[in-house]
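S.K.: Can you keep this structure in mind? I'll have questions shortly.
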Amino acid sequence: MEMTSDFKIIEEPKKTLSMHPQKFALWLFMITVVMVFAALTSAYIVRQAEGNWLVFELPQTFWYSTALIAVSSITMHWAYLAAKKDNLDMVKVAIIITTILGLLFTAAQYHGWKVLAEEGYHFVGNNVSVSFLIVLVGLHVVHLVSGMIVLLVSLVSTFKYKVHSKNLNRLQMCMTYWHFLGGLWIYLFIFLLLNHN
Amino acid sequence: MATADIHITEGGHDHDHDHHGNFWTTYVFSTDHKMIAKQYLLTGIFWALIGGTLSVIFRLQLGFPDADISWLEPLLGKWITEQGKLDPEFYLALVTMHGTIMVFFVLTAGLSGTFSNFLIPLQIGARDMASGFMNMLSYWAFFLSSVVMFISLFIETGPASGGWVIYPPLSALPQAVSGSGLGMTLWLVAMALFIVSQLLGGVNYIATVINMRTHGMSFSKLPLTIWAFFLTAVIGLLSFPVLLSAALLLIFDRSFGTSFYLSDIYIGGEALPNQGGSPVLFQHLFWFLGHPEVYIVLLPALGITSEVVATNSRKPIFGYKAMVGSMLFIAILSFVVWAHHMFVSGMNPFLGSVFMLLTLIIAVPSAVKVFNYLTTLWRGNLRFTPAMLFAIGLVSFFISGGLTGIFLGNSAIDIQLHDTYFVVAHFHLVMGSASFFGMMCGIYHWFPKMFGRMMDNRLGYIHFWLTFAGVYMVFFPMHYIGIAGYPRRYYSFTNFDTLNSFSDLNMFVSIAAIITFSAQVIFIFNFFHSIWRGRKATANPWESNTLEWTTPVVPGHGNWPGEIPKVYRWPYDYSKPGSKEDFIPQHIPFSMTPESNLPHENEMIKLEKEEGVNVVVVDDRKGH
Ligand code: HEM
Ligand SMILES: [Cu+2]
């Protein structure tokens, strides 16, 4: 809604505030995701306070996955900057790298679960603290997969020349969502670190 | 999500004649907000009939525990025992499904879905919702959810039976009650779809209200209906995801063997493997949604009735800002009172007293709203249309039901009253009946805009009086039954010596419930008959100020054939001193009403003249 209209007549009613509707909807969607995780992490704290709570080492891999997702945010941003300069080949490369980093992240999370399982901490049968960890990590990965689908959609539109400096909205939304998913993981990781001793 | 598109082009072309859609795109997979609203309305009415029927069946059991009801066998099949009695487990299923259907499918989807969809674009001056496609998805997710929930009524093991609040361990273990088997699974699937539908709808309502208001429609000029729908959507957006999380953990407990909510359970002397879970955790998560949910149900009804009361009192709404403020305050507070449902769950009494305080604070904005209604009605030129009567009925229920909330909000008194019929009386008046009346009020009032015809007034009056009297006859006695200690969700009281003093009252309640339910047939007849045979409506039959009445009698696709009207004033200029008419719609500029303008309104016109320019052409075509 880039229109500008300057009114000369005072009584002529003002144009009301308005934003890009899809970007706005994306923000609302992210709020709902935040609420899902807010609920789960609060449940975690409430349950932990009741005692009978098993403490175990977080798998080392979570540090690597954190690094991976942080780097992927940078490459995502790189894609966006490249699109601003109409450097479409660079956009494609950057999106592909971001997606690969996303896949690596997913694999790292999966590996983390496996490490836990090898140490004898399973989703079912141990303490709820393990189940909580797995639900938090798993649900985040589910969202990340949706993020990778958005990445692929953006990649396809780049190939179709639908992403360029005059048409950045889609890529911008993709970037917002990806940064959000990275931030969400970092929140979860810090939360787990802080509540794990 | 990224594919959602906005089809809005301003300007007079091609909106006055209907788009050449076929049957499927016009009536079924429609993206038009008005059609989607009607779809919600019809589905809501369908569910209301089902939910009402269920309640009549269990009221038969409660009122006439000794009667032989084998005549219901054709309908209920094996749920009627050989002695001609209702199966006790099926009784629980009936109560559960009644609650679920009424709270979620009728008063959430049916009410918000119908009126937010119908009124938001029409009252803020928009061609449609921010995303018609998402709106359609929202309805179809609701439809799918309805199908799943409906199927669950007919399965062998019976529908979910753990109460609409689905507390574990009851809801988690099929050994506890047979409805916790497949029935509960279907319940969870249906509710997950339902939540998706609500979130899609809510995102749309919020995005539309914020971004698509017509020129001049500032927040301070929004009709109270829109404020109410907007806040409802915000509450839903923040609370439904929490229910989703709660349900997710329950699903893991039920199907994967985790122990989020389960611990130390022995069945038939044998211990279950689940250890370390906390059922109270579920209650916290559930009521974090559950309490806001009751306001999700009520706020739209409050918005609708505010509008109708102002219109039919021919008076400006009293204290517009106070109304907005109290709704805002209620919306915020609704997130911090959830534990008043858990006073007797064994939680820390100190925490209980904090929640008691917060709960009682809610009474303040609620009372403000009541006074606003009463002062708007006070010395108005009241026009008792059926919609107006239903609005006044809502005010009555809001008062009588709200008062009992103050009792329940006291954690000490709640020890006696919790889970008795007193609670049932409380929330059926303040939530159930009040919202139901809000919905009826909305239907009678906006029927002409929806279908281009009028509903029959006389039938409307009969419907109102029977329902109004019926509601009080059903729910008022329940206060006494509750104070006497009758617990809710009991199949029968005949085995308890202390609890057989009120059998006659229970019988009375049941008869009243049957009469009240039957009275709804009058409404159904009136509704469907009027769609095809009603008196033709005019464009603004109630002489109302809001923008929807500036559309043609039946607005087509895009709502306004020409340009969208602009808004110059608030929606409540009724009986303005000096004005010839007793209403001045929102799109009339002050320069056209010099006789009734207030000094500061005249200021605006002066400025207009000084500028000396008359016409401003606004090119509003949006760049895609
Ligand atoms: C003056 C304001 C209100 C107060 C102080 C209040 C307080 C309470 C309390 C303390 C309970 C729990 C009782 C128990 O289970 O022992 C309760 C139950 C309930 N209230 Fe209210 N309430 C108020 C207004 C409302 C409103 C406006 C609604 C709906 C629109 C509502 C809907 C409900 C429902 C649905 C339940 C019962 C849920 C269930 O257990 O199935 N209340 N109320
Ligand atoms: Cu409550």
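Positions of Cβ are set from backbone N, Cα and C atoms, glycine also.
Since the structure is predicted, the reported quantities are computational estimates derived from the model, not experimental observations.
Not my notes, these are from TrEMBL:
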type: DOMAIN; residues: B:24-568; note: domain 'Cytochrome oxidase subunit I profile'
type: TRANSMEM; residues: B:40-62; note: transmembrane segment
type: TRANSMEM; residues: B:90-115; note: transmembrane segment
type: TRANSMEM; residues: B:136-155; note: transmembrane segment
type: TRANSMEM; residues: B:186-212; note: transmembrane segment
type: TRANSMEM; residues: B:224-252; note: transmembrane segment
type: TRANSMEM; residues: B:285-305; note: transmembrane segment
type: TRANSMEM; residues: B:317-338; note: transmembrane segment
type: TRANSMEM; residues: B:350-375; note: transmembrane segment
type: TRANSMEM; residues: B:387-409; note: transmembrane segment
type: TRANSMEM; residues: B:421-447; note: transmembrane segment
type: TRANSMEM; residues: B:459-487; note: transmembrane segment
type: TRANSMEM; residues: B:507-528; note: transmembrane segment
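In the displayed structure, how are the listed features positioned relative to their neighbours?
M.R.: Confidence over the domain 'Cytochrome oxidase subunit I profile' (B:24-568), given as mean pLDDT on the 0 to 100 scale, stands at 94.
Remote same-chain residues near the transmembrane segment (B:40-62) are listed as 69, 72, 76, 85-86, 91, 94-95, 97-98, 101-102, 105-106, 109-111, 113-114, 117, 139, 142-143, 146, 150, 153, 439, 443, 450, 491-492, 506, 509-510, 513-514, 517, 520, 524, 527 (criterion: CB distance under 8 Å, separation of at least six residues from the stretch ends).
Distant neighbours of the transmembrane segment (B:136-155): 29-31, 36, 39-40, 43, 47, 50, 97, 100-101, 105, 109, 113, 182-183, 186-187, 189-194, 196-198, 200-201, 204; these residues of the same chain sit at least 6 beyond its ends, with a Cβ under 8 Å from one of its Cβ atoms.
Within its own chain, the transmembrane segment (B:224-252) has Cβ neighbours under 8 Å at 112, 115-116, 119-120, 123-124, 166, 168, 171-172, 188, 191-192, 195, 198-199, 201-203, 205-206, 209, 258, 260-261, 282, 285-286, 288-290, 292-293, 295-296, 299-300, 302-304, 306-307, 317, 320, 323-324, 327-328, 331, 334-335, 546, counting only residues six or more beyond its boundaries.
With a cut-off of 8 Å between Cβ atoms, the residues of this chain six or more beyond the transmembrane segment (B:317-338) that come close are 224, 227-228, 231, 234-235, 238-239, 284, 287-288, 290-292, 294-295, 299, 302-303, 306, 309-310, 355, 358-359, 361-362, 364-366, 368-369, 371-372, 375-376, 378, 570, 572.
For the transmembrane segment (B:421-447), same-chain residues at least 6 beyond its ends with a Cβ under 8 Å from one of its own Cβ atoms are 41, 44, 102, 106-107, 110-111, 114-115, 118-119, 294, 297-298, 300-302, 304-305, 307-308, 311, 385-388, 390-391, 393-394, 397-398, 400-402, 404-405, 407-408, 453-455, 460, 463-464, 467, 471, 474-476, 478-479, 481-483, 486-488, 523, 527, 530, 534, 542, 548.
Same-chain residues lying 6 or more positions outside the transmembrane segment (B:459-487) and placing a CB less than 8 Å from one of its CB atoms are 385-386, 389-390, 393, 396-397, 404, 416-417, 419-425, 428-429, 433, 437, 440, 444, 493, 498-499, 501-502, 505-506, 508-509, 512-513, 515-516, 519-520, 522-523, 525-526.
If you look at the transmembrane segment (B:507-528), the same-chain residues 6 or more away from its ends with a CB under 8 A from one of its CBs are 45, 48-49, 52-53, 55-56, 59-60, 62-64, 440, 443, 447, 455-456, 459-460, 462-463, 466-467, 470-471, 473-474, 477-478, 481.
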S.K.: Which residues of the same chain, at least 6 past either end of the transmembrane segment (B:350-375), have a Cβ under 8 Å from a Cβ in it?
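M.R.: Counting only partners 6 or more residues beyond its ends, the transmembrane segment (B:350-375) has Cβ contacts under 8 Å with 302, 305-306, 309, 317-319, 322-323, 325-327, 329-330, 333-334, 336-340, 343, 395, 398-399, 402, 405-406, 409-411.
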